[in-house]
Amino acid sequence: MGTENDLDVEGQTEPPICGLTRPRSVSANSSTKPPSASPTLAGTVVTDYSPQDASDAPSIVDPEAAHTLPVPGVCALLNTDLENGLDADEAARRLQNHGANKVEGAKGLSLWTILLRQVSNSLTLVLVITMVLSFAINDHIEGGVVVAVIVFNIVVGFMQDYRAEQTIQALYALSAPTCKVIRAGRDETIRAENLVPGDIVRLNVGDVVPADLRLAHSINLSTDEALLTGESVPVSKHAERILKDRDVPLGDRTNMVYSASTITRGRATGIVVSTGMGTEVGKIAMLLRSGRRNAGEQDARGIRRLWIKTRNGFRVVLGLDGTPLQVSLSKFALLLFALAITLAIIVFSASRWNVSDDVLIYGICVAVAVIPESLIAVLTIATALGTRAMARGNVIIRRLAALEAVGGVTNICSDKTGTLTQGKMVTRRVWLADGTEVSVQGTTHPFDPTSGSVCIGGNIVSSTDALPDEKLYASLRGFLEAIALCNNATVTGGDTYTAVGEPTEIALQVFAMRFGMGKPALLGSSGSRLLFEFPFDSSCKRMTVIYTDDGVQAHAYAKGALEALLPLMNVSDEEKRNIVAQADALAAEGLRVLCVARKPVDPAKFSPDETIAGDADNGMTPLRASAESNLTFVGLAGLYDPPRLESAAAVRKCQQAGITVHMLTGDHVKTATTIAREIGILKEESTDGGEIMVASAFDSLTDAQIDAMERLPLVLARCSPTTKVRMVEAMHRRKAFCVMTGDGVNDSPALKKSDVGIAMGLNGSDVAKEAADMVLTDDNFASIVTAIEEGRRLFDNIQKFLLHLLVSNIAQVILLLIGLAFKDRHGVSVFPLSPLEILWANLVTSSFLALGLGMEDAQPDVMQRPPHDLSVGIFTKELIVDKFVYGTAMGGLCLAAFSSVSYGMSGPYGLGEGCNEEWEDTCSVSFRARATTFATLTFLLLVTAWEAKHFKRSLFNMHPEKYSGPFSVFRTVWQNRFLFGAVSAGFVIVFPVIYIPVVNRLVFKHTAITWEWGVVAAATVVYTAIIEIWKAIKRRFGLGATPLVAVEV
């Protein structure tokens, strides 16, 4: 397992999750004498600004180097004044030069792009060619029907994608609609998009940073940069610092604040150094706008580049660049097109290339028969219905193709903060000075003090009323008073609990409220009032407050990092070692450790002040030193971001489904490991170091070294955007089909690179939503499992209706090819089915039956089997064999039906003359034979729809786990009401199509039948018997069986 630099942890706002480290000394006169450069964050050196540093500033403004420049140097290079800002004219000129402060990546999809999605597939192109040929031979009825099919396919797909895009656009929120700036010496509030480089911006708690700023002044400032860096806790910022290393990671640039981050504490003034697409957020958005151009196209030049772009364009138009199903269906459509041409050639060859109008029409009929015209419409409607189901499950599908694609995933790469976890801190463990341990268990809402249970010394209690031990009560009460009063967070209750403040302080306040000792309760009952506050600062890593009850007695309460408070406490060396050991034990559990202390003080030394401060600049360091000396140790608090309750079950369900879950997080490796073990990504007994890595170790490996690893790490900590992209690329090299989930801007490149990107809708950034294929409206990892289950259900159902549609096409091809042998007196082949009968069977009868199959419920074992083989795709061996068995049986029986009527009642005219074009008195036999064949084909398609509900189980015992017996078949067919209605309608509508005068002979080229219904009934019985026998053979010999996943948990 890779190691992690502890110095990185110390740079965070919150205390580090590590044991005691050597404390840094703080000079009392640091404001007048710059300290010598001292190492802090890995690879950086921090100094206080000295005026002569300005001479070292570079001659041009480079936003990448702003953190290395002193404030006066930045002002000089940007030609701005820190006190007065820019004037209106200069601001207008710069706005014209630099453009609006907007990120263009989140502009959404154009209507033209959505429309192109609908026509960029091979099957649509095949239908267009069929339409052109139909009109070319003046078959306007057939051509018109195909036009209607094409338009319907496009409209349905366009409306679904457009609605999804509108929903996503509704989720986009303006990150910072307005901001406060100094212009011409006056404070103004302007639209954030009107900011320009050189503007002076004021920031306060709760503000969203509107652009990338170099801090000029800051007081106790912290920002939440989770959306950009992935760090789960706020980062302390200091305007006075100057970082000498240009390549310091974004999260460690403590004198900069970045667009889309949020101010969680303090206030500041900053100088705008980058706006719009020049910000760090904008750079990521620009990366996304470049799309998925491969390296070959980017490196190529001249004619080669033109060739690559042309080739890629054809791939997109033909649908060969997309999800596995898209590619499979596009290749299949091209195969069908080649087959259609081959069959037409066979027809023309049979006529010795004497291509008359009849021969040409027959050839086109055979070609049309092999094309499943309704496939796109059925697929689009089925997936659209799936998106509605997903919307009810809190998942918005931006692209219809993503729904079927997510069902085939083999790996999920998930962010931790806010996705697998709740994104909020909870006080999990407390260790009191007397050795008592307190823990919080089963909390479901971090802000709700009534959620979960509290265990004290092994006993579960609900409040201090349940503490009979007075000594224990006193020890715990002292700890609760300290964490409640040394706290600026506000937690309000009612039907729903809400909180405002630092995540750590919220967690401590909620813990105190569990015992009825929250800050408002303490102040209300005792009449205590605040005398003084020394705010938290990362330079000293502690916060202290002074409270008095009556002006005679007062207490100092302090909390902070252990290394910051331990030297200030009045404890023996042995007690210090014990405290450090307990802190290390909590840190080993992945908890963020806080130390709490208190002591009585003389209230006369502290007077209330409206401008409470603790900065050395205000001369308060000696007073602070007095308040924070000889402290009494009260206890340790271990805090963490708890996992969502649904996460463990969701991860387990993924593992049972053969899906590997990886955690990629910007958080500390110990925290990530703890959460991973808690939710089941890592097994408790696992000791494999390769399962857990720090991103720096992973990034140091070459692609060859990564590929040589037996398995990719399950947990990657301290991830950068590059790390996540490399992880996705490594999975692609292993032929894995991966999902990337995330909420931050830093997740966006990986979301775009992954096969299916899933963004968070509530707390996700706009850029992440733009990059994603799906959006979770509840930010819940468990919703991904719902999406996968729905995707697998859709995949199964696609196979079912593909079987149904293709069986019909195979049967028609067999019938029409062999039907070349049926000729009239002039040697012209007689159509066993007319062109309109073929289209009616393919578009009307089959379409609704296939759509009903697309609405089938998920199989009981849908999440108990491995992902389908992506190298095989939708056309599995079982599907291919079944369609030929079913199709051959159907085509043979239809041929038998036509033959039995043609030769069973052959009259003096035989099959007549010119019976392919219109009714003649000599066409009675051929028209009756054609009607019998049409009715047989229709009834066999109706039976196939019910048989296709399961590839192996008998129609008469399809759901033995639900119901059995001789009448179970009726419950089986009734289960899917839409399919039952489609079968019923298909059965009923056959009769008017055959018997309505004029229409039957003029349009469908058949006529009414009588005794021929016996032939239809016999063919239906025989067909059902053949299918049931075939399924029995498959069950007996285990053909097409899918093994279940064996998962060790």
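Placed from the backbone N, Cα and C atoms, the Cβ positions cover glycine too.
Just so you know, TrEMBL annotations never went through curation; they're auto-generated.
Taken from TrEMBL as is:
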type	residues	note
COMPBIAS	1-11	compositional bias 'Acidic residues'
COMPBIAS	24-53	compositional bias 'Polar residues'
DOMAIN	65-139	domain 'Cation-transporting P-type ATPase N-terminal'
REGION	1-60	region 'Disordered'
TRANSMEM	119-137	transmembrane segment
TRANSMEM	143-159	transmembrane segment
TRANSMEM	332-353	transmembrane segment
TRANSMEM	359-382	transmembrane segment
TRANSMEM	801-822	transmembrane segment
TRANSMEM	838-855	transmembrane segment
TRANSMEM	884-905	transmembrane segment
TRANSMEM	925-946	transmembrane segment
TRANSMEM	978-998	transmembrane segment
TRANSMEM	1010-1030	transmembrane segment
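For the transmembrane segment (801-822), same-chain residues at least 6 beyond its ends with a Cβ under 8 Å from one of its own Cβ atoms are 343, 346-347, 350, 362, 365-366, 369-372, 374-375, 378, 382, 829-833, 838, 841-842, 846, 849-851, 853-854, 874-875, 879, 882-884, 886-888, 890-892, 894-895, 898, 902, 911, 933, 937, 940-941, 944-945, 948, 951. For the transmembrane segment (978-998), the list of distant contacts is 840, 844-845, 848-849, 851-853, 855-856, 931, 934-935, 938-939, 941-942, 945-946, 949, 1004, 1006-1009: same-chain residues at least six beyond its ends, Cβ to Cβ under 8 Å.
Counting C-beta pairs under 8 angstroms (sequence separation of 6 or more), the transmembrane segment (143-159) fails to reach the transmembrane segment (925-946), with fewer than 3 such pairs.
Taking the domain 'Cation-transporting P-type ATPase N-terminal' (65-139) as a whole, pLDDT averages 81 in the prediction.
Where the transmembrane segment (884-905) meets the stretches 119-137, 332-353, 359-382, 838-855, 925-946, the count of C-beta pairs under 8 angstroms peaks at 925-946. Long-range contacts of the transmembrane segment (359-382) within the same chain: residues 121, 123-124, 126-127, 130, 133-134, 137, 139, 142, 146, 149, 152-153, 156-157, 160, 329, 336-337, 339-341, 343-344, 346-348, 351, 400, 794, 797-798, 801-802, 805-806, 808-809, 812-813, 816-817, 820, 828-829, 831, 833-835, 838-839, 842-843, 846-847, 850-851, 854-855, 916, each at least 6 residues beyond the stretch ends and with a Cβ under 8 Å from a Cβ of the stretch.
With helix defined as DSSP H, G or I and strand as E or B, the domain 'Cation-transporting P-type ATPase N-terminal' (65-139) counts 50 helix, 1 strand, 24 coil.
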